[in-house]
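Input: one structure, supplied below.
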Amino acid sequence: MSNTDNGSVAVPAGVQLPIYMDNHATSQLDPRVLEAMLPYFTSKFGNAASRNHSFGWEAEQGVETAREQIARLIGATAKEIIFTSGATESNNLAIKGIAEMYKERGNHIITQVTEHKAVLDTCKRLEKYGYRVTYLPVKADGLIDLDDLKRAMDDKTILVSIMFANNEIGVVQPVAEIGKLCHERNVIFHTDAVQAVGKIPVDVNAMNIDVLSLTAHKLYGPKGVGALYVRRRNPRVQISAQLDGGGHERGMRSGTLNVPGIVGLGAACEIAREEMESEAARLIRLREKLKAKLEGALDYVHVNGSMEHRLPGNLNMSFVYVEGESLLMGINEIAVSSGSACTSATLEPSYVLKALGLGDDVAHSSIRFGLGRFNNEAEVDYVADKLIDIVQKLRELSPLYEMVKEGIDISKIEWQAH
Ligand SMILES: *Cc1c(COP(=O)(O)O)cnc(C)c1O
């Protein structure tokens, strides 16, 4: 039996509403990760820093196993992993910690315009303290131009911070080439790899990455725990601590470790390492099906960002001549993100989409689909059918779409601000 929701698209068997398709925002905890964490909430409750009894040793053992699991996933060694509260903290620690440690060497930092706010706002703060920051533009496909990067580097450059994969449009930057350029010039390379770790291969040595941020909750682990990889040799990278205290984590990050969270992060990395290849293949297939269905049924839709250099589970599409808010309301049982960000009272178009050259209206009428481990094909079919239905209905009511169909050049019309 299939029922119908408030619209005219049937909800097939095997599909439960609401559907979660927003895996770049966060992901569902994998039950296997929860299983690994549970003992550390109850019987194994020790402080990993307690050196003189078995409660402490037991907790420390859990933490050290996690360190190894994380290191293995990114080609690092366990000693190079520092635990944090998440990627916001990892990015802050990396950028501020390097800026402070290497200030004698130079004061110039290079990043790019579509970074996460945890990187952009950290760089903005450093500008107030006298650092010089270059924000590289991106091309229409969302990728930086390596020649721009080369030109931006000078003898005062101490750090390049470029994300591995973008959280809105899913594009994967040329990380290995960036790392090579940095190492040739003796510049430290940090990458916010939150969206990449566990989804696509990451190898800190092959890619010349010196410092890397990751977080558990984007790879089916718990919220509030992350890590920073800090290279120990060729070259050895040093970071000034940003929290003062007991000197945990080799002096780089004080504070009693979140043992259950860390064990969960480790377990999530272990699962990702074993299943990444097959999971990526499955998500690409689902993503391509979603894309093909939407493009097959609708005109004036386009993908934002490079399709070639892209995360398996990401699709970001603009549905031109549809009003963004109405579109989201029409699919209110499907959890996705729009090309709008709520800042205080107003709805601002996404700065990432604007950086690709999209106008405000098109940015607002864009949707980010974030497919993940727990999505299935029936959901993809339903989401596609539902979206097609809503877009068609909204366009029937759209004078703009009608004009375009009649061949009127709407770019010549002046619009009133709304
Ligand atoms: C989610 C995200 C962050 C922030 O991570 P938290 O652990 O939630 O602080 C940073 N960078 C990117 C690219 C992200 O997607």
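Using N, Cα and C of the backbone, Cβ positions are placed for all residues, glycine too.
All annotation found in TrEMBL is predicted automatically rather than curated by experts.
Since the structure is predicted, the reported quantities are computational estimates derived from the model, not experimental observations.
Pasting the relevant annotations from TrEMBL:
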DOMAIN    19-383  domain 'Aminotransferase class V'
BINDING   Ala87, Thr88, Asn167, Gln195, Thr215, Ala216, His217, Thr256  pyridoxal 5'-phosphate binding site
MOD_RES   Lys218  N6-(pyridoxal phosphate)lysine
BINDING   Cys342  [2Fe-2S] cluster binding site
ACT_SITE  Cys342  active site, cysteine persulfide intermediate
Judged by the number of other CB atoms within 10 angstroms, which among Ala87, Ala216 is the least packed of the binding-site residues?
Ala87
In this structure, which of the recorded positions His217, Lys218 has the fewest other Cβ atoms within 10 Å of its Cβ?
His217
If you count Cβ atoms within 10 Å of each one, which of the binding-site residues Thr88, Asn167, Gln195, Thr256 comes out on top?
Gln195
Give the helix, strand or coil assignment DSSP yields for Thr256 (pyridoxal 5'-phosphate binding site).
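DSSP call for Thr256 (pyridoxal 5'-phosphate binding site): coil, neither helix nor strand.
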Of Gln195, Ala216, Thr256, the binding-site residues listed, which put a C-beta under 6 Å from ligand 1? Please answer none if none do.
Gln195
Which binding-site residues from the set Thr88, Gln195, Thr256 come within 10 angstroms of the residue listed as 'N6-(pyridoxal phosphate)lysine', judged by C-alpha positions?
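So far as Cα distances go, the binding-site residues lying within 10 Å of the residue listed as 'N6-(pyridoxal phosphate)lysine' are Gln195.
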If you draw a 10 Å sphere on the Cβ of Thr215 (pyridoxal 5'-phosphate binding site), how many other Cβ atoms land inside?
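Other Cβ atoms found within 10 Å: 29.
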What does DSSP assign Asn167 (pyridoxal 5'-phosphate binding site), in three states?
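Reduced to three states, the DSSP call for Asn167 (pyridoxal 5'-phosphate binding site) is coil.
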